[in-house]
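K.L.:
Just passing along the structure, written as structure tokens.
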Amino acid sequence: MAPVRLSNSLLGTFRAASIRPANAWRQKCLYHSYDYTESPPFPPAESAILSSAYNHVPSHGFTIDALKLGTRDAGYLDVSTNLFPRGAFDLVSYHLVTQRLALKDNVQFPGDGEQGKRMGVGAKALAIMAQPTYIPASLVELAKLADEIWFLAGDQSVDSSWYTKRASLSTIYSATEVFMTQDKSANFTETEQFLDSRLEDLMKIGRFMGALGEWGNYTGHSTINVLRSKGMRI
Amino acid sequence: MQASRTQLGRQLLAGSMGRVSREPYRCFSCSVRQAQQQAPPPKAPQDAQGTTHFGFQTVAEALKEQRVGAVFSSVASSYDSMNDFMSLGIHRLWKDHFVRNLNPGRNPLTSPSSGDKGWNILDIAGGTGDIAFRMLDHASTINHDAHTKVTVADINPDMLTEGKKRALQTPYARTPRLKFVEANAEKLDMIPDNSIDLYTVAFGIRNFTHKETALKEAFRVLKPGGVFACLEFSKVNNPLFDAVYQRWSFGAIPLIGQLVAGDRDSYQYLVESIARFPSQTEFRDMIQDAGFLVPGKGWEDLTNGIAAIHKGVKPA
């Protein structure tokens, strides 16, 4: 009993000691952890303006006008939009980040009901995100979203599939997003079909790649064994 | 007191002696020799009490204002052509970008009709009106705003005269939208608290004797939510490009100053004051210390950091 307690308390001190340095760089963590609360994504003043500007997006879109109205609502001036060097993109980015962080609260599991929340950003926002200056930031956000989705889906892979899973999901997500901008069907049923068929494709590819790997493994081993049986020293 | 007065007197004397002895030898060969003799930038010594930098020289605080005044009085008439020569015309792009980014003016079509009309802009050290005219043009033509006002403040009456002369060629002369004021940026007594939407200073703040005081004063006059925007020479990031740039600024600019404006010393001061100005991060910290919120990382580099735009927002 005593050794167990000792090791437990040792572990405890290790934990206590390891928390402090982790504090400093936890904002850079690329993985999920339940142990730390995430720092808020925007500073308080920016957050206040962006959240009130966000209410104007349905009527004004992701534009500098929506941002200006937001600054007014938050008690700032028109000129305070200079707090956002990237202008409308900061508003888009606010949308993306808040939707991503809210994903864990409104994620839908089978049987939970039909009303999932739609996350599409629309053609205008995609156009802003595709501007060369903003492409890196947009890709980072896409990667984070893919990571969040896989995390919420319970993915715990620690091999190279960690990367391929996120890459393939990012591809499918962005393809679906682009498809959605052209979708005129009621309730975006065509987008749903498109998404389903892309996921089906992905699974087909996954199965094929798995089979290919198995075949390669088997054939390789057999070849070596055949050669060994012929007396070759390998 | 006695000591500082003798120091002041000695510097005045040294300054006048230097000018007298150098005056007759203004020819091309001399300027080349002078450029070669140019000492490398000395390490910044700890500021003694009551002194400040004038280029690479250390002068009494009381003297800096006077000598900066002398520099700008002597370059006022050729200011624009000199800027073109020194920056190869790029300063116009910087200023255009600076103004376009600030997007001055209140568009009556997209903003609600309630509240005040137009912005109240204060352009510090804007004697020749470069920034002021651009602001008014942008407000009128881009934002259809006929109410935005610009107050141009400069410590130097010669630069203001130049600006007034140039204003006559714009539609804003003799309208309430443009006003010229002679003022020291560290003591803006004629401007009430919380009255300005946008405070701009373009290529001026490095000449101030007390930059912190000027920032405090900017904080005072701005409305809550108002913006402090500063366009100023800064530090080049790329070491290779920096070497070329230092060559250009210490070799060519004083020479061009001599050839075009007939005034080497003033332009020597200009390049030295640029080299002395704090780096982007240091100046960002100064803006934060004055109480401003800075957007993003706090500055935007122009042409690899030759110039930089710093902004600060007064919290509401």
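Heads up, the Cβ atoms here are built off N, Cα and C, so glycines get one too.
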K.L.:
If I go by TrEMBL, which of B:Thr110, B:Thr128, B:Thr200 binds S-adenosyl-L-methionine at the same site as B:Asp154, B:Asn184, B:Ala185?
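P.N.:
The record-listed residue among the candidates is B:Thr128.
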K.L.:
Which three-state DSSP class does B:Ala185 (S-adenosyl-L-methionine binding site) fall into?
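P.N.:
Coil, per DSSP.
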K.L.:
When a 10 Å sphere is centred on the Cβ of B:Asn184 (S-adenosyl-L-methionine binding site), how many other Cβ atoms does it contain?
P.N.:
17
